[in-house]
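Going by TrEMBL, these are the annotated features:
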DISULFID  Cys81-Cys409  disulfide bond
DISULFID  Cys275-Cys289  disulfide bond
SIGNAL    1-42  signal peptide
Amino acid sequence: RRRLRPAPSCGSRALAAMASRGAAAPLLSAALLLLLPAVASAGLSGYFGTKSRYEEVNPHLVRDPLSLGPAAAASRLPAACAPLQLRALLRHGTRYPTAGQIRRLSDLHGRLLRRPAAAAACPAAADLAAWQMWYEESLDGRLAPQGRRDMEHLARRLAARFPALFAARRRLVLASSSKHRCRQSGAAFRRGLGPSLSLGSDEVEVEVNDSLMRFFDHCAKFVALVEENEAAMCQVDAFKEGPEMRKVLEKVASALCLPVEELNADLVQVAFLTCSYELAIKNVTSPWCSLFSEEDAKVLEYLNDLKQYWKRGYGYDINSRSSCILFQDIFQHLDKAVEESKSSKPISSPLIVQVGHAETLQPLLALMGFFKDDEPLKANNYVRQAHRKFRSGRIVPYAANLVFVLYHCDQVKTSKEEYQVQMLLNENPMPFHHSNETISTYADLKDYYKDILENCHFKEECELPKVNITAVDEL
């Protein structure tokens, strides 16, 4: 049985709680808008975590959203290799804030409006009091217009990079999470392919598949011990009360002429994220950005990353183990394509595109061992983690994508080299762990992940203990 260890230094509170749960746009031209982002973010845009624009990981897209960038040219395979299958896992495009975030922002904005004296004394407070609160709860995480463009442009870039797979009369299997933003992202991706590719609507299968795209909702152990267990986030809570966050809190309170007691880490974070939303959705510099320096942004990024680490990453084994159902599905389709190729049959599913969430991709990448730091992210090691690998904004920004491409190669020395695989994260080749190369034989890749492919069983991994647990190490 895999062990779900408590966050270090969280004390007996987490232990007891887990055990008990176990039992149960301004009016500017489009050309000018493209020039704004680097300036608009005021040095903050690299630290928005999961609320980051896709352009943060691919800056060349700011000037030309259809450019394939230097990575595509540098990762060409030998001419003797032809792509057989592409499996793309996408995070939805840029979205609006959730209803909860909008409520917190409305609360903070309301406090400024109720303190005209503070606004008179503090320029920042005056600017924010004059800012129009245009977010409505009905937007609740829905796909923004920029999110549709994210997906359309991604589709066009992938089609340009793999023209043989996206050619006329190739079958596209398109699946999505049940969430509205994911379904709309899937539709936008399909539109991005355009009529010139001759992918008629009758050739596209669109399905909602939460068992794969939202596997975490179907994993009872994850839901009980992590998702709904406040004690599991004790490192996050401790950092909110720690010296780094306290310094940011006091600075923001001073800038707004508010008593520091009226603010907390969640309100400060929502102010910071509003800066990110205004940039991502409207491409403007929000007055909320003026509250933060780059050093503040690094602290708030770490807060976001702590949550991702303990809830979706390496913090607990069940976070990643729950994704093995998706991991195995990927390889089942790759296996089928290899078998069909060996039998000289047409590849039945040359294109499989699935749209999910940051919470879909992050656990899967952790399962595969990517972006793992030598030391866990904790509340008390912020300084030591300044150069950490686990930076969610670099891994799963809006429109993040993990793409597996299977190739058939002629003129090879051994039969094992006939089928090769490439993996792209956000359109950039990922070196494989077993070789540190960006191309692997399919046989070697399967061998490296043999244990997960053969021994990670979703039902067993996700089953809750039948009896009370006296120690978390027994899980």
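Using the three backbone atoms N, Cα and C, a Cβ is placed for every residue, glycine included.
One residue stands out among the disulfide-bonded residues Cys81, Cys275, Cys289, Cys409 for having the most other Cβ atoms within 10 Å of its Cβ: Cys275.
Cα of Cys81 (disulfide bond) to Cα of Cys275 (disulfide bond): a span of 45 Å. Here the C-alpha separation of Cys275 (disulfide bond) and Cys409 (disulfide bond) works out to 48 Å. Taking CA atoms as the reference points, Cys289 (disulfide bond) and Cys409 (disulfide bond) are 51 Å apart.
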